[in-house]
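Reading through the structure tokens given below for one structure.
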Protein chains: 2
Amino acid sequence: MNSRERFLKACRCEPVDRPPIWVMRQAGRHLPEYREFRKKHTFHEVVKAPELALEVTMQPIRRYKMDAAIIFSDILVIPEAMGQQYGFPEGGGIEMDFAVRTQADVDRLSVDGIESRLSYMSESLRLVKKELNGERALIGFSGSPWTLATYMVEGKSSKTYTHAKKMFYEDRVLFDRLMRKITQAVVRYVRLQIAAGVDAIQLFDSWGGVLAPDAFTQASAFWMKRVVDSVAGQVPVIIFSKDMSHLGDILATTGANVLGVNWNRRLSTVKNSLPSGIAVQGNLDPTVLNTNPEVVEREALRILKDMRGLPGHIFNLGHGIQPDASPENVAKLVDTVTNFK
Amino acid sequence: MNSRERFLKACRCEPVDRPPIWVMRQAGRHLPEYREFRKKHTFHEVVKAPELALEVTMQPIRRYKMDAAIIFSDILVIPEAMGQQYGFPEGGGIEMDFAVRTQADVDRLSVDGIESRLSYMSESLRLVKKELNGERALIGFSGSPWTLATYMVEGKSSKTYTHAKKMFYEDRVLFDRLMRKITQAVVRYVRLQIAAGVDAIQLFDSWGGVLAPDAFTQASAFWMKRVVDSVAGQVPVIIFSKDMSHLGDILATTGANVLGVNWNRRLSTVKNSLPSGIAVQGNLDPTVLNTNPEVVEREALRILKDMRGLPGHIFNLGHGIQPDASPENVAKLVDTVTNFK
């Protein structure tokens, strides 16, 4: 069983020799070789130049025995391709070149021909797939419609998502028009990735967790279901609705094959609360990778033992790895999981 | 049944005519009269001058029909009284004058005589109690030991709590020594407030939710239980462990009478998952108060109807009110709850 087979079996809740592992944001700032590479190329350059994206995607694969590679990209390429540019201002965070607040703003967004504006993604995926040679899984991804909407409506990073929530609560007609448009774009983007050969798609519903359950159902889960339906049966879909694993009944309605789980619940409790065909991915506290190898091994084993005998577990962190995590600790984590019996 | 009686009955899960209501951070920046008042007095001045704290505590009580007043203060008065000053730097957030990282740092913290350094709190509470005249409940509060530790160990606001978690995971001896000391201070502070006449104590475990369940049990719940034990039976204790309502079994072990619940679960689900004697407080998304009165009424009714017939509900937000929430919406919220039959 090679890594790719192990990963795909785990997505389907089939028996595996040990849980497959990858790490959210494994390609990125915690790696010295990434920081070195970024001295020569901007973030946007790396995302859009297939040869550069290939290099960065492969960096963690060369260094660690990860079972899956995730394409180096950014969730905000969708609003960008729809006509809403973005950047990283000096003070930190994200800034969009306008905020979507009115019907006229929604009208400025375009889905037509989006594939050509995102064609660099197809090319990047083809290069990585070739390099992985069928041995490791290749994960494509997109922001969830709701999570993309938060950036597009706020016009920048936010802590409270007030404008996006206000639109949902106060003007459902406008909100739904925006969401339909974003969802169309996401569906096309995901299909493009499948055509380029990804083994699975992860939807980052990073800000699903800021919604009350009824609002989550209508503002996020409903639209994710449309995305999942549009690719049904082609590749497994992983939904990472951070902080929402307690809403397994709602998440199950999306048709997702795998649910990402943060670290504030015991993973076996989450798994046992779900319909039997749904796998889980998680759920180590990323901060553990900022401690030392001894703690890393102990905390990883806690999860591995907790999940022993439960099929459908992809080992991962409960959120992205922190930029100041040590590669030594990541190596220890991967060793612990790959040697687990 | 006056407001105070209604509040205390709800804390004990006894029948009431309708749920009592108060709003986290009701005394604060969303009120024009508070913003006006703060032009003349700094935050620290208001906290430490009983006549000023009285005025600010009473502002929302005069404006709205709240069932309870919460004393205007700050959780960081504890580290301050232990010898660790704090301030609010220009760029936002909080900054402590040193970070607790070693045994020598822990030794710098003092619990002896802490009551005299916090005596302004006794005086503030006595003034407010007199003004409330037994008609409305008076809530005292403290940060939870873990939440205080995050500020003390990080030395400032944090998004990841890396240093506090590192100490917990890597040096349990040092961590436990610090926690014992903080817990002693919290116990003394809470007793001082009870002696001054508070009707209930709320522990703000604002950052309990950043811990994995086993870590939460050891780093936060264990120490909150000590605080609850130390006041057992004297006044109800409300524990607000943001994002942790799914850990009802762990939270119940603390002995808390009431659990604060954020908005990402249906409140009846939380209530029904708890032992029958534990009440709940929550759980409206604070952002609803940034919309309009129609939405406020609809979303408040959703919670009220969901909880109908379940004794032991104190209506509140799932987190503090936002500074840009409108007083008109708060008034509508209070009307909706107080008129609910």
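A Cβ is built for glycine as well, from the same backbone N, Cα and C atoms used for every other residue.
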Listed by TrEMBL with B:Arg25, B:Gln26, B:Ala27, B:Gly28, B:Arg29, B:Asp74, B:Tyr151, B:His319 as binding substrate, from among B:Ser206, B:Ser220, B:Ser241, B:Ser245, is B:Ser206
Provide, as an integer number of angstrom, the distance between the C-alpha atoms of B:Asp74 (site 'Transition state stabilizer') and B:Tyr151 (substrate binding site).
13
Non-local Cβ contacts of B:Ala27 (substrate binding site) (under 8 Å, 6 or more apart, same chain)?
B:Tyr34, B:Val56, B:Thr57, B:Gln59, B:Pro60, B:Ala69, B:Ile70, B:Phe72
Around B:Tyr151 (substrate binding site), how many other CB atoms lie within 10 A of its CB?
27
Protein Cβ atoms within 10 Å of B:Asp74 (site 'Transition state stabilizer'), excluding its own
16
Which site among B:Arg25, B:Arg29, B:His319 has the most other CB atoms no more than 10 Å from its CB, taking these as binding-site residues?
B:His319
